[in-house]
């Protein structure tokens, strides 16, 4: 920056102050710098960045298809479907994700709509409740969950609650994971929905619909939800990505959804574990790219969520 | 849908009813977070500061577990986590700013949107898949390791340095996402004003650029720190236990890989983590609010 010549400086200033009238209708008024500098440093930075982020991806793919001494083979991918535990763990993860999405939306949508329409004073309470899980690392939450689960056999074995504790930890469908994932997903669901609601004038819409004689369920289901479609989809995508990639809680509670399965086969089937990693990344990325596309159209609403789902790393 | 006969009456009933009804709709959410979030956390905090005698069943309050969590290998793991998080947050923050500046100042709108989308996607690239991608690339028999003979150069993925390189993979994009709006908010007019008043580029950054960016920079650093600090899956899949990290120590203690009776120390470590993460958030949130002033 220090190397700029006085002449370019002057012409810069002249263009930015003198041109808005002509430039404004064209596109975003000339805001972004405009220096005719070749920007070698920029090229170098971007090239190095690209290399750092691309090499692991390309190398992982090469790793999965190239076996030293045997040449190119796609076995790691073709044998996947028949691999022991692959379908079970994937189905378990998808089922958990569906349940988590349903539960988190069922909890968050009525609460957020209510806060918009009639109870603005509860808003800070709801916000803090939804954002608090961000402060608690998943591993700390899991220590608490194991403690609570241990109460079952220790203190409650003669009460009906004991049966609940057993049912919640069913191997086939561990409800306890759905509960924990819903807690983890709440901040993202909240942000996505809150941004969507902010773009809609909820009280006016609700008043208008009520004046036309609509019942409250009708207002929520047929008037408000269609307006929130993008942010509902955003919340669902983020939750799906979160649940598919979640490892910490599931592995420490002893369940075996997808991420845990990948780790468990990595010892014997290194190539396959990398292949599955690549596939799961591709799927997650496609979801997130679709999400960021959907989010940029109506408002900045759902564009932000993509920044925030990193919870699991 | 019944049509209302008397608009005023309808209005009146609605107004009277609205309060209690909407209030009820928030109950499930509040009850759920209270139960599924509050109880585990409460149990953790309670377990961290109490001790139950197995013989008599009596429970008493003690600082023993917290004290143990701040000694020996546990203290080492806390320090290791803080060091790794601070280092990765610092490096990731600086690199993120440089890259974001390169993207923001480029005139290509395509590059800009591609870079921001890619950052959004890569910032989510954590956990187990990331670890395996790096194992395949620069692990012991990784593709790049063999191509470039990295092992002879003293490279080891399963170490502090290795973890740093892996963590940067999701921390740098996160920083780009956080800092790009702030860099956008640096109005060209300010620079022109500074230049017209005779300031050099260095003076502009010293007296205008950095002070405006400071809250966002610090906020980004803190966010990166918190993210790296809480990360467990990547480290677990990658290094197992060869690098002392508090998340790995907790996992070990919980799964009974160490002496029994360590569960309460795990709870205490969890409490330590929440305290540190809470501190981090307490710094981050006000900073974010402050920086929002400039970002319009």
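Using the three backbone atoms N, Cα and C, a Cβ is placed for every residue, glycine included.
Automatic prediction, not curation, is the source of TrEMBL annotations.
Note that the structure is a prediction, hence the values are computed from the model and not measured.
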Practice task
Please find, within the list A:20-38, A:153-171, A:172-190, the residue stretch that TrEMBL describes as transmembrane segment.
Solution key: A:172-190
Fill in the blank from the handout: Candidate ranges A:66-89, A:90-113; TrEMBL annotation transmembrane segment resolves to A:90-113
Practice task
State the non-local partners of the transmembrane segment (A:172-190) in its own chain: residues 6+ outside its ends, Cβ under 8 Å from one of its Cβ atoms.
Solution key: 92, 95-97, 99-101, 103-105, 107-108, 112, 126-127, 129-131, 133-134, 138, 141-142, 145, 149, 235, 238-239, 242-243, 246, 249-250, 253, 255, 257, 305, 308-309, 311
Practice task
For the transmembrane segment (A:232-253), name the stretch out of A:40-63, A:90-113, A:125-152 with the most CB-CB pairs under 8 Å.
Solution key: A:90-113
Handout entry: Paired segments the transmembrane segment (A:273-291) and the transmembrane segment (A:40-63) in contact, 3+ CB pairs under 8 A
Key = yes
Handout entry: Within-chain partners of the transmembrane segment (A:90-113) [C-beta distance under 8 Å, separation at least 6 from its ends]
Key = 126, 130, 173-175, 177-179, 181-182, 185-186, 189-190, 193-194, 197, 202, 220, 224-225, 228, 232, 235-236, 239-240, 243-244, 255-259, 261
Problem - Cβ-Cβ under 8 Å with the transmembrane segment (A:40-63): same-chain residues at least 6 beyond its ends - result: 271, 274, 277-278, 281
